[in-house]
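Asker: Sending over a structure as structure tokens; questions will come in a sec.
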Amino acid sequence: MDDVGAGVLDARYNMTGTYSAWLTKVKGEGAKARWLSSTTKRYFTIDFTSQLFFYAQSESQKTVSHPIRFKDIVSADQLPDAGSKSEHPFGFSILTAERTYELFTHSYQDAELWVSALNAARDIANGKVPGQAPSSTRHSHEFSRPLGVSSLSTSTSDCGGDHRLEDGRAPWEPPPVTTRWTQPAPVQQELAAPPPPPVDPFAALDALEELAGPAPEDSAATPVAPELQGELLKEARARVTGALTSKRSLQEIEAAVAPPPWRPEVEYHVTEVAEDEAPRAPFASSPDVVMADVPLSTVAAFVTGAAPEPAVGAVGMAGIAPPAGIGGIGGIAPPAGMGGIAPPAGFGGFGEEHRALAAALPAPAAALAAPVPNMEMAPSPPENNQESWDDPPVASAPLPPQAPIPPSFGDGNLEAAGDLETLLKLEACYWSISIALVEEEKEKEKEKEKKEEKEKEKEKKEEEEKEKEKEKEKYKKKKEEEEEKEKETEKEKEKEKEKEKEKKEEKEKEKEKKEEEEKEKEEKEKYKKKKEEEEEEKEKEKKEEEAEEEEKRFFRNNYPNIERLRCNVTSIWIGQDASSMITRKVKDFRRVKAPFSGNIMGFHSLATSKNRPETSGEDETRSTKQLESQSDSEDEEDSKNAVFSSCKLCSRNRELVKVLLASGLQMASVSLPETFVIALLRAEIWGHNMSSYMAYAAIGINSVAVIFGGPFGRFSDCVDRRLAAAVFAIGTFAPTWSLLIFGYTTAKALWISTIVKVLGSYGLTSNVMLALINDVTRVEDREEAVGLYYAANNLMSLTMTGIPVLLVLILRVIPNNPTIFLVVQVVLSTLCLLLLCSVRWKRKEINSEDDSSDDEDVSRARVCEATGSTSEAPKKTCKAWVGDRIRRTVRQFILPVRLACGNRRLRRLWCAGFMLMFAGQLVMDIGGQYFNQSMDLIPYGTKDELTTVAVLTMVPGQLLAIPGNLITGYLSKRGGPLYLLRRLVPIASILVTVGAFMAQVQQFWFIAVTVICLNYAGLPNVPLMRLVSGLAPPGRVGESLSAIGIAAQLASLIGNAAVVVINHHLMGTAMANPLWIYYPICGTLTLMAILPIRGTPYGGWGAASGIRQDQWVAVVFAHVAQQRWRKEIARRKVILHFVHPFSH
């Protein structure tokens, strides 16, 4: 970490300038390699000048990743201490609008400095003074603590925090602008009272009767004063509800109700008190009380006018609301002297204060006029001392102020009558309440009964379960008894089996005795047969010796033309009669067992050796007998070291070395600028569209290669092969030369180079370098030369790529300048052309001079047969001449296709090559983008990282492909190319599938593993191309190789089109890196290439397959084809002589 000091020199203190340091960053949840490593080191910088916070992967790196503006910082906070066991104990987090970063440093003080600096940076960007900025500590705690209901209702300081869990907002989204919340009013939680004890509804009446004493005999006894009646009711109610701690006697109650002296100002005072207490909350009756037979409107009207009473915990008589209208029914005040009657608890007082309040109440509602059921209402007295028309006049006299009201007899006191009316109503209310209580008790009894029934049901269930358990036990006992019985039966069966075994053993002993007797008889018969076979073998040996002598004579007489005869077996122009004869001979050879199959390889080696001296018959006999043992010893010596065999091959074919060097230089001059210049230019200019644009370019390259591949192959067969190779090499060098002309830093130069590359791909399908190697190499070394060709290409390309990587990226001796690589490419291309010119090669005619002249005569004869006569030839018009030229040109494009489709063997190889190269092209097209996306380098990868990926996609595969190609060529020579090709195809399919794991591993080293597997998946091309060149008709090697090249380019064309279409849909999916799907699909396509080469075509695979039977058929019956072809040439000579007597 950069330590620039503290205080004045640290930008985090001054809040000016920049400060950089190495911090450990925690990877995000979307990272694919999080399971391998959860953290990574990055170089972070906070810049107060540009107001940016960013990081890079190195101190010297100029490009940055994920710059964060100060405005986007929401908050920064220190992480809790992870303990001494953690690798990163000191850390802090940064919350932005997009995501949250967790970073770790070396000390707690440094983390605190970062937090203060980031919060100050946020405040500076928002226009605040850093010292006045709100602390971010509280916000960080709010983000880490989920909010609940209690946090919102009990604390007002949390209202301005983050409500992430309630409004559904993601943690990286900015908080919405909200107004300041007000503190909610405290909610008063009502405490539910416990259920009341059972109350007798008639207990109040019994208590009242006990207080009042026995009833007088005469109903017209002296009435009790209303005040005393009220106190008695209070005492009775208190005794019933249990509210009294001590009982009062009747004398104490009478003394308590003595009337106070009259004061006129009390009525006015009470009125004011009533008006002040009117706005208070109404009395809330208990919800557990049911008012039976009383309208709810009556209760409501009474409750509205009553003063609030304190809540009573127990539910009983204290919580019962009186009926509506008490204290002023119809506006009539209670009579004088009744103010002392105390209503039950909760009803308020019925004294003089309520008498004054009753006058201020409004008129009763219509519901108040409803009569109480089963009760008769007494008439109310007239208001304002007015007498009614049917009432007798009553004398009114003022009462003394403090004298009690005397008892009245006869007519009665009207005021006392009014109070009695209210008492009757109260009694009616008590009856209704008592009925409700009775119903409640009944309901409780019903509930008890239900509970008892449930308990009984539970008991029944338990009894049933016990019965079931008993039944289970009985069932188990039965099972145990049955098992015991089964065991007894099994024991009996075992005894029976033992008896049977004893019987079988006795029978076997008898059989053995019989077999011994039969064996003795057979041995005697075998001894007789051996003697007969020995005699037959002696006769066979004599026949084989005679056959060997015939074969030696054949090779002695036809050795000079043996190479041409082998080629003529697979020729398609030998004539219909000759071909039918060959097929008949092959069928006959398959029916009859060849008596000399053991010496087939010996005869084949005799046929292919060019330096065989003239020997006598005895020497040939010795050589043929020792040929098989000599070949085995040579195989053991050469198998010890394939590299030593390749060196011997180069010493025998010195011109082959020049061609290999030229081919390697050509590959290196193409791959060097592609790796260090063009690949970087594509990544910088094309970006995410790189794979699509490369697919478009590949489609153009494939189209040009397919169209011009056949004509260029025939062109290489007609002219000097070195010239054709030079023309092909110039086409591959042109794209890099265009960068030198038009520049190498602009998009225009990149597009021009791409177009030139498309136009210069006319020779990609011809494989002209391989055809030139086939020309300059001996016949017996061509299998191994093909593997050496691929190995040399990889070695030269690796050398020319690895040296720049070592000097530029590792040692950094040479700067990474594109101009240097372009100049080196020009030098390499010049050396390649000079080596091609220095190759000493004289074109060999396949036939002798006579045969070549015969071919010319045959061609003329074909022209004469087509035209009909010589007189018509000079009469051709210009249009006919032009039409003939056009037909010939079109024929040049069609002939390679006809050759691949008409030959049975080439057709099978064409299909196999198409499947292999189609799968390889798909993987090659998406490889660069797949690796860059897996390493998360698009679009934030540095130049060094992109170069590293480009190098890893080439160097490891080319390095390890060198021994692979050498071993493949060596095995192809020893075991046969067809046998090796059939074994390599399944292995290649597995190697292609390995690339899919790159999406999960996401490491640079696994890029090298994937590239090595893909290079080894291309090893089947070595035996495939050898088979094509060996099975090609004479004089059409280049055309046959171009046919396979056309298959490769056609597969590439279809593959690129598929990449363009499929990538468009894959990149639109939600997958982070969907290109991994290509690898298992391409592995399956590679495995399907085994189908065309699994069987055997009609007539066999020919001598080049390495199968001994096919080699023998090709060598023996080629002589028949030669004879038939000579007869055909002679016939056509006669036709030409008579048709054109003066043509010469």
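Keep in mind that glycine also has a Cβ here, set from the backbone N, Cα and C atoms.
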Asker: Pick from 423-443, 948-968, 1116-1136: which range has transmembrane segment per TrEMBL?
Answerer: 948-968
Asker: What counts of helix, strand and coil residues does DSSP assign across the domain 'PH' (16-123)?
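Answerer: Secondary-structure breakdown of the domain 'PH' (16-123): 19 helix, 47 strand, 42 coil.
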Asker: Please count the residues of the compositional bias 'Basic and acidic residues' (441-532) that DSSP assigns to helix (H, G, I), strand (E, B) and coil.
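Answerer: Split into helix, strand and coil, the compositional bias 'Basic and acidic residues' (441-532) gives 92 helix, 0 strand, 0 coil.
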Asker: Would you say the transmembrane segment (820-839) and the transmembrane segment (723-744) are touching, if the rule is that at least three C-beta pairs must lie under 8 angstroms and be 6 or more residues apart?
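Answerer: Stretch pair touches.
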Asker: I need to check the long-range neighbours of the transmembrane segment (948-968): which residues 6 or more away from its ends have a CB within less than 8 Å of a CB in the stretch?
Answerer: 642-643, 646, 671, 675-676, 679-680, 787-791, 794-795, 797-798, 801-802, 805, 809, 927-928, 931-932, 935, 937, 941, 980, 984, 1004, 1007-1009, 1011-1012, 1014-1016, 1018-1019, 1022-1023
Asker: Sort out the residues at least 6 away from either end of the transmembrane segment (1075-1093), same chain, that have Cβ-Cβ distances under 8 Å to it, and list them.
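Answerer: Residues packing against the transmembrane segment (1075-1093) from afar: 908-909, 911-913, 915-916, 918-920, 922-923, 926, 929-930, 933, 978, 981-982, 985-986, 988-990, 992-996, 998-999, 1017, 1020, 1063, 1066.
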Asker: Do the transmembrane segment (909-928) and the transmembrane segment (1004-1022) come together with 3 or more C-beta pairs under 8 Å, pairs six or more apart in sequence?
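Answerer: Contact between the transmembrane segment (1004-1022) and the transmembrane segment (909-928): present, because at least 3 Cβ pairs are under 8 Å.
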Asker: Please report, as numbers and ranges, the same-chain residues at least 6 past the borders of the transmembrane segment (750-773) whose CB is under 8 Å from any CB of it.
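Answerer: Beyond its ends, the transmembrane segment (750-773) has Cβ neighbours at 656, 659-660, 662-663, 666, 678, 681-682, 685, 693, 697, 700-702, 704-706, 708-710, 712-713, 716, 721-722, 724-725, 727-728, 730-732, 734-736, 738-739, 742, 785-786, 789, 839, 841, 1025, 1029, 1037-1038, 1041-1042, 1044-1046, 1048-1049.
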Asker: Any chance you could find the range in 693-711, 820-839, 1004-1022, 1043-1063 with the most Cβ pairs under 8 Å to the transmembrane segment (794-814)?
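Answerer: Against the transmembrane segment (794-814), the leading stretch is 820-839.
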Asker: For the transmembrane segment (1043-1063) and the transmembrane segment (820-839), decide whether they are in contact, meaning at least 3 CB pairs lie under 8 A, counting pairs 6 or more apart in sequence.
Answerer: no
Asker: Within the same chain, where does the transmembrane segment (820-839) have neighbours whose Cβ lies under 8 angstroms from its own Cβ atoms, ignoring anything closer than 6 residues to its ends? I mean 6 or more beyond.
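Answerer: Distant contacts of the transmembrane segment (820-839): 655, 658-659, 661-662, 665-666, 668-669, 672-673, 676-677, 722, 725-726, 729-730, 733, 736-737, 739-740, 744, 772, 776, 800, 804, 814.
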